[in-house]
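Here the structure comes first, spelled out in structure tokens, and everything after it is commentary.
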Amino acid sequence: MIFGGVCPSVTSIIAESLEGWNLVQLSFAATTPVLADKKKYPNFFRTVPSDNAVNPAVVKFLNHYNWTRVGTLTQDVQRFSEVRNDLTNELEKADIQIADTQSFSNDPCVNVKNLKDNDVRIIIGQFDENLASKVFCCAYNLNMFGSKYQWIIPGWYQENWWDKANATNCTAKKLLTAMEGYISVDFEPLSTRQLKGISGRTPQEYEREYNRQRMKKGVDSSKFHGFAYDGIWVIARTLTRVREILRHRERHSLHRNFTADDRDVGRLVHDVMNETNFLGVTGQVMFRNGERMGTIKFTQFQEGQEVKVGEYNAIADVLELINNSIRFQGMEPPKDRTIVHLQRRQISVPLYSILSVITILGMFMASAFLFFNIQNRNHRLIKMSSPYMNNLIILGGMLSYASIFLFGLDGSFVSDKVFETLCTVRTWILIVGYTTAFGAMFAKTWRVHAIFKNVKMKKKIIKDQKLLIIVGGMLLIDLCILICWQIVDPLKRTVEEYSLEADPHGRDMAIRPFLEHCENMHMTIWLGIVYAYKGLLMLFGCFLAWETRNVSIPALNDSKYIGMSVYNVGIMCIIGAAVSFLTRDQPNVQFCIVALVIIFCSTITLCLVFVPKLLTMRTNPDAATQNRRFQFTQNQKKEDSKTSASVASVNQASTSRLDSLQANNHQLRMRITELDKELEEVTMQLQDTPEKTPYVSQSPYQDTNSTPSIRNVRDSKEEDRSMLKNHHEQKWGSVDPSRTNRGPLEDINSPEHIQRRLSLQLPILHHAYLPSIGGVDASCSSPTVSPLGSPRHRRAPLSYGVMVSGL
């Protein structure tokens, strides 16, 4: 046998050539991992554990503190690179993640910074003591020490190595501060168990004897002396065992001259070495494939000195830590990574509660309007304003209110699957509610526009069923858009994560906020389609409101309130959409803006539609149904004054005569205004209840016993015609004297009187009202022919038309 070999380069050359000589080599100091290759060095044994022997101990230590993420910092030397490669294999077997691997030659600061950037908290170092001081100096400058970090380095450095190897710019105080708490790992030079081994001595007794002999000879202590001592015992035990085996074979051999050649003896020595198992001063001496299964110790740097904190028994694979010996600088062991706590950016519960209460109040208000509208549906004021359409407006407002509750629900209230469903439901409710409210409002306005603006139509009776069909058509367009949206590109739950934030309570953790959104692949396109359709609907409503602005019955005409509603809704939607987009990463602000916009728009719209009706019902319910033509009268006065001025300039001599004609003309116009009011009321009564109002089947001028309203109209007009007759005689000459001798009834029903009455009434009736109540066709009336005659009549003579236009 060969005993010895310390230098790795010399030992490796000898160990590689031993097989040819049938020799076995036993080393007590060669720790290089290269010699563990049994294919290249099959006859090599060592009593000292190799550098790789610390790796299972390190893995066991990591598992003890549940560290599953580490980083390595290795000096670019073969010895340390081999240890790192073996450590990598051990970590992978233990399912421990290697977050980063850094190698350096001279300046480790860049590599240390890379470890920090990768959030490595547990750092396993493989470097000598000369570079160890540089590493800890960089760690101090980068603040990679203290309660958040744990360094694990080799433990075979010289005593007080930081004083001898400090070649950095850091002071000793800074270096010691960065080193505080590091863990060093190395093999145990002597066993700590007070048990007598094969030599009959305990490890403590042996150490005292060794120091006595060493001091007697004046030599320094070596950390390998215990392995050398146990190595001699390994050789003695092996040779003794080989001799016993050979003697046993000789006794039981069939041949008298038993011999064993060198090859047999060498193989026998190799086998006996592998079976070695005894208690030495370094612990249990045992080999596994030529490698010593020793004891690994753990020490910690505490307040300027290294303190043993535990040991690892490789044979039993057991880690034993000394109770309360390890001192971490924090309240607990460092985390192996920055604990990232996902924090949902959710809507504040108090904010949601406040807006919900406001929304509920709005819904109560809408319910009160609904009750008012249903209770007074037969009242003239409410009936003329289409109560069914009013109900739809209230329903749309309540749907818009209801969407606020759904917009405030996020992952903190519901599950992810339910949240994804809410994304679709709340969009549908808001869009349908908007169309229902404004569609009904615009349908009402369209009916007023169709009645009072289309002068060419003979008869215009529009029932509520037709308005419902119009609103249904608008909703059908909405449903088509929403269904296509849901099928082609449905809304889904997406999570947006933000950058890490420090824990506000100072704990060793980071906060990663995340926010849930309802999005799809082509969100912009679908929103553009919806906004375009709603925008066209708003423009159509503005057009109708402008066209019907001069309709003089307040119960019918909501154009002013519709214009105000469209203006408020448009402005608020534009502002709300812009602010909501800019604050998408602030859910409280976004929800508050969206909710307030919906509440404001819905409340303003409902109040503009129903509050005036409510106030009118309380104060003067008849005023809203009356025709207000005072503006026309005032304007006409201005026109009359202009006309009189122009006539006076032409003929100053007839000024007094024109003044009297102007007064008569003004009285006639006032009477026409009153007649217009009564005809409008008749028109709207027929419009509200068309199925109950019989159409006039014969001419009102034939039956003198007609309805009182028509008779009153005729009587009032007779007075006007008498005044008109005087004016006609003064201007155009006296009438036929033969006609003055007729009776009153005969004179009233004479063709001349009928012609004059119709010449005055037809322009008014033709303009808007007479076609609506089923009277004489304005396009084919003849004042000289009886209404019972042919349906085709002559037009009025030109002279009478000139007379009317003069009025």
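Glycine is no exception: its Cβ is also placed from the backbone N, Cα and C atoms.
Just so you know, TrEMBL annotations never went through curation; they're auto-generated.
Look at TrEMBL and you will find 643-662, 695-710 tagged as compositional bias 'Polar residues'. What TrEMBL records for 712-731 is compositional bias 'Basic and acidic residues'. For 351-633, the entry in TrEMBL reads domain 'G-protein coupled receptors family 3 profile'. As annotated by TrEMBL, region 'Disordered' applies to 633-662, 688-748. The transmembrane segment annotation in TrEMBL covers 351-372, 392-413, 425-446, 467-488, 523-546, 566-582, 588-611.
Of the Cβ pairs linking the transmembrane segment (523-546) with the transmembrane segment (392-413) and spaced 6 or more residues apart, fewer than 3 are under 8 Å, so the two regions do not touch. Spatially, the transmembrane segment (392-413) is adjacent to the transmembrane segment (588-611); three or more Cβ-Cβ distances between them are under 8 Å for residues at least 6 apart in sequence. Through the fold, the transmembrane segment (351-372) approaches residues 390-391, 394, 397-398, 401-402, 404-405, 408, 588, 591-592, 595-596, 599, 602-603, 606, 610, 614 of its own chain, all at least 6 residues removed from its boundaries and within a Cβ separation under 8 Å.
Over the domain 'G-protein coupled receptors family 3 profile' (351-633) the predicted model carries a mean pLDDT of 79. In this chain, the transmembrane segment (566-582) lies out of contact with the transmembrane segment (467-488); the count of Cβ pairs under 8 Å, excluding pairs fewer than 6 apart in sequence, is fewer than 3. Listed as Cβ neighbours of the transmembrane segment (566-582) (distance under 8 Å, sequence separation of 6 or more from its ends, same chain) are residues 438, 538, 541-542, 545, 589-590, 593-594, 596-597, 600-601, 604-605.
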